[in-house]
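**Q** Quick one: the structure is below, questions incoming.
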There are 2 protein chains.
Amino acid sequence: MLYLVGLGLHDEKDVTVRGMEAIKGSERVYLEAYTSILGVGKERLDAFYGKDIVVADRDMVEMDSDEILRDADKVDVAFLVVGDPFGATTHADLLLRADALSIPYTVIHNASVMNAVGALGLALYNYGQTVSIPFFTDSWRPDSWLERVRENMRLGLHTLCLLDIKVKEQSEENLARGRKIYEPPRYMSVPTAISQLLSLLEDSSPSASSDSSPSLASADSLDPSTTLAISASRVGAPSQRFVAGTLAELSELDEEAFGGPLHSFVIVGRRFHALERDFAGRWAVDRERWNEVSNTVYAVRD
Amino acid sequence: MLYLVGLGLHDEKDVTVRGMEAIKGSERVYLEAYTSILGVGKERLDAFYGKDIVVADRDMVEMDSDEILRDADKVDVAFLVVGDPFGATTHADLLLRADALSIPYTVIHNASVMNAVGALGLALYNYGQTVSIPFFTDSWRPDSWLERVRENMRLGLHTLCLLDIKVKEQSEENLARGRKIYEPPRYMSVPTAISQLLSLLEDSSPSASSDSSPSLASADSLDPSTTLAISASRVGAPSQRFVAGTLAELSELDEEAFGGPLHSFVIVGRRFHALERDFAGRWAVDRERWNEVSNTVYAVRD
């Protein structure tokens, strides 16, 4: 049996009891280590689960899945994924290959940021599509995610923005020369993400900074001074931190205000209610401003 | 400390290790029992966690939260929620009241159907807003959710449809007479949900059954013979079952094809890819038809 086990959000104790039993009973245990990270290292997992876990990078999962699946029709093998096994990527490839080899599989679910973001207090029903914000490079400023945010905003929906993770990336030179030398991991912070967002907004609308009446702004204008957002750092960890404010307010904070990775944030849509305003208002940079924008621009009624 | 503990999807072993520690260390343990159900009864939880859990219905949580929060500034109290604590409802009310009483709280997340639906193989990034389909009554056919499905479809997004649960409901007569006599619980099945959907579509479009070319249908037409859907029953349980097909195909199956509650289903949007088609195709009522609709109407390219 192949067990796909979600590890949840933070450390070795976020696995489910069912998941831990599957890990302890497995002959080999792999940890998928390229779409997210836990707040603790592999050693903590090894000690707690009593296993010597093999860290599987993208190359291994995509190119060497036969090794992962070896004998899994006879013995139990566990494949661990941070969050839920179907969160950042579906691993459908691996499961279809298991199927083709007549290897049965069982999925053991867990929390992922996709549902744990509910802790911000905004009803999960009112979220639209989730977007992933990639790092800008010198020559490439990807912006397709911004149109998806606007699509959500037009419907009054919130947008969960997940931020880029670069793990085991090679520099162009090392890639060209076939040298397996990797850059240090990079995790996008909320200030970086918002500054990229603001720079795209400036590109698309030279009058974005005009002082037109905020309450008349169209739903998808994303005016930084009247668009509310809530950041969520290290969701599910003891050091979890939420910060609420306008995009402009969040962009002015330095990285320390959010702490270490992983960061994500939510852009608040118009389907926003008084209880949600009050719940998230506890994390506001400036509560008065938070309430004012909520009540005027977002038309929240008590 | 007040612990809000997600129990996950199916039984007593779906709690996380962290969650179980919090439950075992708590002086009082409540189970929120009105927005979802586990696949097992309270007795199994009592035995496994070593606690006599108090089942809290909506009245208790909303009207008598002071009892739940009593002394939680001095002792630990656990409030258990099926799935994730912020899944079906945010419990923001309870947490704000805890705050007002200076009671600290900790959330222990878990899987909910909102993220575990990823097991169908469709990328979670391409889901729009989630809808909840309520039971029709003799005098009321709520349809606002249908417009939300259409909003998603126009953007090419998938829609997770959660189905109504009626627990501890009173008949109109018993309600009027103030008699605390409750109807047996009712859980909407996929065939009921789809028949309600099809009847609303007939209302709104008398020509819905015309034989116009399916590939020319607009993105939000929801033509039953060319709109793909995947049902998900008892997600996360050993008896979990997925069924894929057109809305028309799923509507023709009887309830046994889906098994017992809880049921949900996903209406597939146009952001649908070959790997997803092949992954979900394994559960197709008629795989040839599944592939044909995927390739022609949904324009899936290999």
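The first residue you see is number 1, and the count goes up from there.
Note: Cβ is positioned from N, Cα and C throughout, glycine not excepted.
Look at TrEMBL and you will find A:Leu9, A:Asp84, A:Gly87, A:Ser112, A:Val113, A:Leu163 tagged as S-adenosyl-L-methionine binding site. The domain 'Tetrapyrrole methylase' feature in TrEMBL is assigned to A:1-250.
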**Q** Is any of the binding-site residues A:Leu9, A:Asp84, A:Val113, A:Leu163 near chain B, in the sense of a CB under 8 A from one of its CBs, and if so which?
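**A** Near chain B - Cβ to Cβ under 8 Å - we find A:Leu9, A:Asp84.
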**Q** For A:Val113, A:Leu163, listed as binding-site residues, tell me which one has the smallest number of other Cβ atoms within 10 Å.
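**A** Counting other Cβ atoms within 10 Å of each of the binding-site residues A:Val113, A:Leu163, the minimum falls on A:Leu163.
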**Q** So, in DSSP terms, is A:Ser112 (S-adenosyl-L-methionine binding site) helix, strand, or coil?
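**A** Assignment for A:Ser112 (S-adenosyl-L-methionine binding site) reads coil.
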**Q** Which of A:Leu9, A:Asp84, A:Gly87 (the binding-site residues) has the most other Cβ atoms within 10 Å?
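**A** Compared across A:Leu9, A:Asp84, A:Gly87, the most Cβ atoms within 10 Å surround A:Asp84.
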**Q** Using a Cβ cut-off under 8 Å and a sequence separation of 6 or more, which residues in the same chain sit near A:Ser112 (S-adenosyl-L-methionine binding site)?
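**A** A:Gly6, A:Leu9, A:Gly83, A:Asp84, A:Gly87, A:Ala88 - these are the non-local Cβ neighbours of A:Ser112 (S-adenosyl-L-methionine binding site), listed in sequence order.
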**Q** Helix, strand or coil: which one is A:Leu163 (S-adenosyl-L-methionine binding site) in, per DSSP?
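**A** In three-state terms, A:Leu163 (S-adenosyl-L-methionine binding site) counts as strand.
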